[in-house]
Amino acid sequence: MGPIPSTRRLTGTPHSFISRRAPPECMWYVCMFANLEITFYDSGVPVYEMVCRDVAVMRRRSDAYLNATQILKVAGFDKPQRTRVLEREVQKGEHEKVQGGYGKYQGTWIPIERGLALAKQYGVEDILRPIIDYVPTSVSPPPAPKHSVAPPSKARRDKEKETGRTKATPSRTGPTSAAALQAQAQLNRAKMHDSTPDADASFRSFEERVSLTPEDDSSSDTPSPVASVMTDQDMEVDKMGMHMNMPNVTLSQNMEELGAGSRKRSAAMMMEDEDQFGHLRSVRGNSAVHTPHGTPRHLGIGMPPEPIGPEQYTDIILNYFVSETSQIPSILVSPPHDFDPNAPIDDDGHTALHWACAMGRVRVVKLLLTAGASIFAGNNAEQTPLMRSVMFSNNYDMRKFPELYELLHRSTLNIDKQNRTVFHHIANLALTKGKTHAAKYYMETILARLADYPQELADVINFQDEEGETALTIAARARSRRLVKALLDHGANPKIKNRDSRSAEDYILEDERFRSSPVPAPNGGVGKVSTSAAAEKPIFAPQLYFSEAARLCGGQALTDITSHMQSLARSFDAELQGKERDILQAKALLTNIHTEVTENGRSITAITNQAAPLEEKRHELESLQASLKTKVKDALKKGYIGWLEGELIREQRWEKGELEGNEEEKAAVQALRDVPTGGQEVVQAEEEKLRWEIEEKRKRRAMFVEKFVRAQAEAGTSEQIAKYRKLVSAGLGGVSTNEVDELMNQLLEGLEEENDNQVYNTSAGESGPSSWVQ
């Protein structure tokens, strides 16, 4: 197993490095004519191209259509503004939208008349006149210089040195004349008689004539289709006046040169989704047949089988990814002992894990990880497989990203050569039209997984790349509100500024201003722009309205509306502040009330705790009083029974005549036995009188019992009570001690009322003027 590529890490963070998208490549043939270039792109469409203000402006040769997107770039519109102008004005008329493929060729194409009007409307007609007014002639343009190609990766060169297999590759530098190209075409036509036509012949013939040109990343981040795949019709340079027919030739041993060089360079450009491989598969369908073991068998005459080794492993794996076969190569299912899963399989340094992650093939990812593939391995740009997986929409289309992220999540904190994190690449995906949903899907998956690790998330979510950009600033430039909201909800800082001294907050406000009131350009048109200033941003503000009436409506009317809305906002804000103050005062009063209630509750609790022993004593006193009453009643009852028995005995003695000596007692008994005279009524009246007297005596007896019990309860405190009576009498002045008990209730009520008045006056003094207390 080869060494794992070196990694760069965030400070204090293990396993960290992050990557930038590799620049797209395109096979083209360029001929200079004055300041114009005649260009063939991977689609085979010839165009005239002129660089103006660092923008490649194109005009198709076949129908003279102009690229409206490029015209707006020259006019100084940024991406959000271009999108709005295209939707409002350009796309309502005749137009053709080109998406996919080489980045510069993409955009909205319009007839030359509409393109001229658009250039005039936004003040760039003069500087675009050369490409608009150019008339093709029969004179052949001078030969174009060859475009240099980035050398193969270091790992690839080292492997070639070790195996001693040095490939013979055509020269990548130096001019090539048209005559030389014609001679090469004649040589190819001569070879046609000795070979069988094959769809892959364009690989060899085109490799001998045309070089790859890496496109600067600033122009487009959209990967191109495999650039080396060209049809016969694509290769007919007769369309350029070169009279060069490119026939097919048989794929022979020269395929060894092409397969390891051109094919790997072209295959290194990953597709945004697998459907973009269709053109490659249709051309390569007959040139490579997959055996049950996943090894390509090239069709040719008398080709001896080659030994299988590490060099062939990379070819087999790469062929698997760029073909439509669904059978996984056997070297991935059962890896040989000399199989290195971290070996790069193309000239951009991508490993098999990079390809599998980018294409959303989770099963292959698991096989590679089992074989020892490193999730921290980086390509030439130090991009990790996780970064490559979020640069395309394949994982979104197949809804495989959560499962894939669980396998790769330990590389979340990695950074690449541009100091970009995986969040930068997700936000960068949102810049591509139609990819916002995929970017949101990736972002929400990662943020949900990292929500339990806020410290680590805070370290990486606000990380700045070499341009000072954070993921939030890129998302704000992409005008993706969902991405912006997701990042803000998880702690992204909108005030971090990039090298242009602009923050995400600035981009958001700029977008809102653009939506509400676009800034028109002055009526005076555009001044001359010097050559040195051509590379800088235009010094004028682009016009968004063609007519004067539209400019007036979009100017003064919007200003008046804005002024009224601001006045309404200020009025509403002032009223809201007043309401807020009232609410604060009410809350303060409520807090005071709650405080008083709490304090009173505590006082009641304290008094209750203090009175608890008194309650026990009260119960004890009541128990003693009840016991005393019972004893007194029992004593009285016993005395009554004794008296009654004595009376009965005395009456019995009287009847027996034993009271002879005691006349007084005898007279008393006789009086009791005498019946009143006067009839029955007198007797009943006498009985009623006696009953009443008995009842009165009983009540009086009960009263005396109560007094006796109270006297017993107050026993020992009578002297103290007497002193209290004297003290109260002296305080009242003129009230005798005997009247104190009768006035006690009135005195108590007066004291309670006076206490209540003092409490009220105290609270009023705290919340109002002192005169209220007085």
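In case you wondered, yes, glycine gets a Cβ from its N, Cα and C as well.
Residues 52-53, 55-58, 95, 106-110, 114-115, 118-119, 122-124, 127-128, 431, 477-479, 511, 514, 518, 537-538, 540, 542, 544 of the same chain lie 6 or more positions beyond the ends of the DNA-binding region (68-89) yet place their CB under 8 Å from a CB of it. The DNA-binding region annotation in Swiss-Prot covers 68-89 and is backed by sequence analysis.
Per Swiss-Prot, compositional bias 'Basic and acidic residues' is recorded for 155-165.
Residues annotated as compositional bias 'Polar residues' in Swiss-Prot: 166-176 (among others).
Per Swiss-Prot, compositional bias 'Polar residues' is recorded for 757-774 (among others).
When pLDDT values are averaged over the domain 'HTH APSES-type' (37-143), the model yields 82. Taken from Swiss-Prot, the feature domain 'HTH APSES-type' applies to 37-143, supported by sequence analysis.
Here Swiss-Prot flags 135-180 (among others) as region 'Disordered'.
The annotation region 'Disordered' is assigned in Swiss-Prot to 209-229 (among others).
According to Swiss-Prot, the region 'Disordered' annotation covers 752-774 (among others).
Summarising the annotation, Swiss-Prot assigns repeat 'ANK 1' to 348-377.
Annotation comment: Swiss-Prot describes 467-496 as repeat 'ANK 2', evidence class sequence analysis. For the repeat 'ANK 2' (467-496), the list of distant contacts is 78-80, 418, 421, 423-424, 426-428, 430-431, 436, 439-440, 443-444, 447, 450-451, 454, 457-458, 461, 502-505, 507-508, 511: same-chain residues at least six beyond its ends, Cβ to Cβ under 8 Å.
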Residue counts (helix, strand, coil, in that order) that DSSP gives for the repeat 'ANK 2' (467-496): 16 helix, 0 strand, 14 coil
